[in-house]
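The structure appears right after this line, and notes come after that.
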């Protein structure tokens with residue numbers, strides 16, 4: 001629901017005015033942070049930096065790509081001639097299974113110089129053998145295979161971490177496009193397993209628990225999803241299996257999307273029914289196709305899955321709720337991006353276009369209007 005207030009025109013008449021027409025702040029209950037919304041700035045001229053627009057990849061197999069089947073990676077290893085998804089250990093991991101502890105395994109008692117050794121593993125998951133086939137262009141069955149891969153890695157890595165420690169997290173994510181620091185255009189994502197729960201998911205779960213404790217155990221994201229489905233003004237697309245994609249009320253990025261269940265509590269992707277998983281594959285394709293169609297370009301983004309940090313031992317009592325965050329940088333066109341700088345680094349996030357307007361534009365960006373890559377041909381490198 002969009003808040004309104006009244007405005008006097010000088011007489012005794014008061015007319016309702018939407019807060020979307022004025023500068024205001026919105027609160028993000030997931031992270032306990034605010035975002036400053038400045039609708040009038042959408043009209044300002046732009047003479048700043050412009051990016052080189054991304055060009056669609058049209059080569060099914062690139063002999064120089066480190067991720068294509070049969071190719072040699074920088075380590076000298078050769079990829080197998082894989083036909084579906086392909087998972088392997090990251091050649092340049094940010095975490096190590098057994099890092100050398102510096103000084104002591106204990107956290108320092110000094111509040112100003114605290115540190116602790118951590119361990120973990122980093123994996124790469126290639127979504128498809130074809131170099132040119134993004135998730136938006138895949139068949140639903142192929143996206144389902146990606147989801148199966150995520151489930152397998154989450155379960156396997158989670159089991160290893162649970163055997164080693166009582167704490168930890170398996171974080172699944174994808175960076176798409178050079179603008180988001182992606183070094184290879186081949187469709188792929190990453191899985192980082194950590195011996196700790198990172199700040200973002202940890203904060204979300206803390207706020208889920210706090211919300212539930214004051215509301216007879218109800219779940220924040222499920223309550224929020226149901227209200228968004230009822231209001232519809234920020235809904236981008238919805239699937240009858242129980243998934244809804246919205247530009248969240250508190251979105252910081254211009255065309256940010258939050259994808260979540262709206263019918264029941266689902267702590268992790270391991271608890272999805274077959275119908276829910278196919279529905280998730282369908283709505284993922286829908287969302288990513290709308291992104292590509294918005295500015296008629298391969299749309300850059302960072303996408304991540306938040307769920308129970310490790311596979312839940314008791315799903316019924318788990319506080320997490322599975323959901324996907326999409327953070328795309330583009331602001332006005334394929335060449336103009338948003339920069340999180342200045343006030344946003346030193347104060348709080350700020351946006352120009354209101355989330356409701358962003359949702360309208362994404363709803364109008366019909367996924368079937370833009371021709372996808374020809375993915376009906378068999379893969380033959």
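Cβ atoms are placed via backbone N, Cα and C, with glycine included.
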Checklist entry - Same Zn(2+) site as 65, 68, 131 according to Swiss-Prot: which of 22, 186, 188? => result 186
Checklist entry - For the Fe cation site that Swiss-Prot gives with 204, 323, 325, which of 239, 306 also belongs there? => result 306
Item to check | Which of 79, 175 belongs with 90, 91, 190, 338, 339, 340, 341, 343, 344 in the UDP-alpha-D-glucose site listed by Swiss-Prot | outcome: 175
Item to check | Sequence-distant neighbours of residue 325 (Fe cation binding site) in its chain (C-beta under 8 A, six or more apart) | outcome: 256, 257, 258, 303, 304, 306
Next on the checklist: I want to check the contact list for residue 323 (Fe cation binding site): same chain, sequence separation of six or more, C-beta distance under 8 angstroms. What comes out?
Outcome noted: 221, 258, 259, 260, 261, 305, 306, 307
Checklist outcome for this item: Most isolated by CB count within 10 A, of the recorded positions 131, 186, 188, 306, is 188
Next on the checklist: Around the C-beta of residue 340 (UDP-alpha-D-glucose binding site), how many further C-beta atoms are within 10 angstroms, looking at every protein chain?
Outcome noted: 12
Item to check | Which same-chain residues, if any, lie at least 6 apart from residue 175 (UDP-alpha-D-glucose binding site) yet have Cβ under 8 Å of it | outcome: 181, 182, 190, 301, 302
